[in-house]
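Per TrEMBL, these features apply:
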SIGNAL    1-23  signal peptide
DISULFID  C33-C48  disulfide bond
DOMAIN    63-216  domain 'Cupin type-1'
BINDING   N109, H114, E119  oxalate binding site
BINDING   H112, H114, E119, H161  Mn(2+) binding site
Amino acid sequence: MASSTTFLVLSTVLALLSWQAIASDPSPLQDFCVADKESHVRVNGFVCKDPKDVKADDFFLEANLDKPRDTAMSKVGSNVTLINVMRIPGLNTLGISMARIDYAPLGENPPHTHPRATEILTVLEGTLYVGFVTSNQQDNKLFTKMLNKGDVFVFPEGLIHFQFNPCPDKPAVAIAALSSQNPGAITIANAVFGSKPPISDDVLAKAFQVEKKTVDWLQAQFWGDNHN
């Protein structure tokens, strides 16, 4: 009896662990599930449009990704053009999205994380200094690499990462693929110092080991978004 109970417990634990391992975007159970953005039904993702109403345009976007984006208005010198399920309804349940990222000279895509996606980035033009930081359990180790045109780098799901154009006189361009129809993005500085309402300066002063007036100054800055 004890052995069967142990087996049952172990089986349950393994089942839960297996479920957690695949608890990202679910695999489709049909050819496609085009997002019905007009539906008032709330689900994890989007309700499927009736297949009879699906058109080729549901899988298409005239995105003009071959054209440079404006980086002049960005305080960090970058412009991220995200193509996800919000822009192409046919991406619903397919677990993929992409982005074009333009970098001004000395521009950066600042430290951020995608809570629902691994990212693979390809440099199309220029040079990028990129990196990611591991979790606390892995001692917050920093992995960095200098990338040139044609190089590829992977940022694991959920880890803080960044890209920086070290060239003072040349822009850079990259294309990123992400393993979610809606990967999400949390820019660390924006989230910590630009939250609404703001996090208590007592909390942040203690966390960053600085004076409260430094936190107050940081919170007073304009924390713009470089995602479009």
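Even glycines carry a Cβ here, placed using N, Cα and C.
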E119 (oxalate binding site) and C48 (disulfide bond), compared by Cα position, are separated in whole Å by 26
Among the binding-site residues listed as N109, H114, H161, the Cα nearest the Cα of C33 (disulfide bond) belongs to H114
Between C48 (disulfide bond) and H114 (oxalate binding site), how many Å separate their Cα atoms? 25
Which site among C33, N109, H161 has the most other CB atoms no more than 10 Å from its CB, taking these as recorded positions? N109
In whole Å, how far is H161 (Mn(2+) binding site) from N109 (oxalate binding site) when you measure between their Cα atoms? 9
List, in sequence order, the same-chain residues at least six positions removed whose CB sits under 8 Å from that of H112 (Mn(2+) binding site)? I160, H161, F162, A185, I186, T187, I188
Residues near H114 (oxalate binding site) in space but at least six apart in sequence (CB under 8 A): F155, E157, G158, L178, S180, P183, G184, A185, I186
Using a 10 Å radius on the Cβ of C48 (disulfide bond), the other Cβ atoms enclosed count 19
For the recorded Mn(2+) site, whose residues are H112, H114, E119, H161, find every other residue on that chain with a C-beta no more than 8 angstroms from the centre of their C-beta atoms, and list them by sequence position. T113, A117, F132, F155, L159, I160, P183, A185
Specify the count of other C-beta atoms within 10 Å of the C-beta of E119 (oxalate binding site). 23
Averaging pLDDT over all residues of the domain 'Cupin type-1' (63-216) gives 97
